[in-house]
């Protein structure tokens, strides 16, 4: 049960009770750390973004929460279908090729997020809902601003009943969502990506047909480019019998279409769904829109110059948001949460200096969101999306190099020693990851696997095109298509499980992923 009174002091204060805040606070509490979590609203609360990635199951397993998610009978998600080029068959990502036990769920976020928050309470986190952080106090600061010499030491709060108070802390985790109190109010270092300044309109439907119902792909979400190539739509079946259907486009496109089209958000939403024939086929004659369910949300893509500072970490949407495409939000949130907890503990235990811990966290967040950013940009290029351009300013060069150094010989060439990120290099990497969306069948995959063996393993080396040509017959187009797709999937192979924290070194350190010993160790 939630605690009754906000204490005057704690070791770690967490702002925000979404997946990032709940997960980070749970990790720390299970390590014996005193944690207080302040959440502005009362759970359950509505939230869009129902489609999860395979890593979700493994993150939950680490905190002993996986079985509760299974018990809730959330919709099984075996993979995802993408229709980015009309006139061609859809591309399907089968999570089984990622390895055993890599399926996940489509969840009702209000229920799923509350499960995580209540689990945090059961692990010893002191949780106070409907309690908003109004301001943060810093040490060594005349005007209460962030400087290299200052660190956050206390937070002023106000709850729903009007009570106010102040809590001091040794460490701060900002998981306040898009509000991002540290980034936007104090550090002022949030950077928006103009090319992905998107908005979404979404609603809920009943009696919608399930994609390939009854087959191995049954219940997979469907993502589709609009026929005018000015946006895309999602369709995600949920376990409560409803289906989440949304449409995403650039803010400028949305403004223009609203001005030119039917008035009102609901009519705009319904009119844009007519540009998604695959969605219309699944809605069919039986599907019905739930009146009044349509909502709109800004899905602006952003990042920051840093995600940490002296005794604080920023995670989840408070740190960065890539794009609703590919459902990376909760994965990035939990990755950031594990990074925050591990680096705080590493600093506490003297395993690394606080400066080293900050650098590790900054790099981990940057690498994770940069990988998904490149996949998103590749998808928009595959859609030939009107008005969307990959801009060099949208990508942090150091994060790009850390995320894709393994792939540099593939997209740049073995003998290119340039160290600066260029538009050409960015474009080449986007082209490389476009192979993710090459339509291949399960039959093709199995047949190619029999012919090439371990070459198809996701854990194997990245193979340049000339190397593929050496081991494949020149006319073996199926094998080339499958292996090029597997090559591209390797971009995300370290984002399928928290176990990658133990093997993917950042600045010479990895995470000791054992309960009771969580922290950083030399690689």
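Backbone N, Cα and C atoms are what each Cβ position is placed from, and that goes for glycine too.
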Among 330, 352, 355 - the residue Swiss-Prot places in the same FAD site as 17, 20, 50: 330
Residue among the binding-site residues 20, 330 whose Cβ has the most other Cβ atoms within 10 Å: 20
Neighbouring C-beta atoms (10 Å sphere around the C-beta of residue 17 (FAD binding site)): 32
FAD binding residues 17, 20, 50, 330: largest Cα-Cα distance, in Å and rounded to whole number: 17
For residue 328 (chloride binding site): intrachain residues, at least 6 apart, with Cβ closer than 8 Å: 53, 322, 369, 372
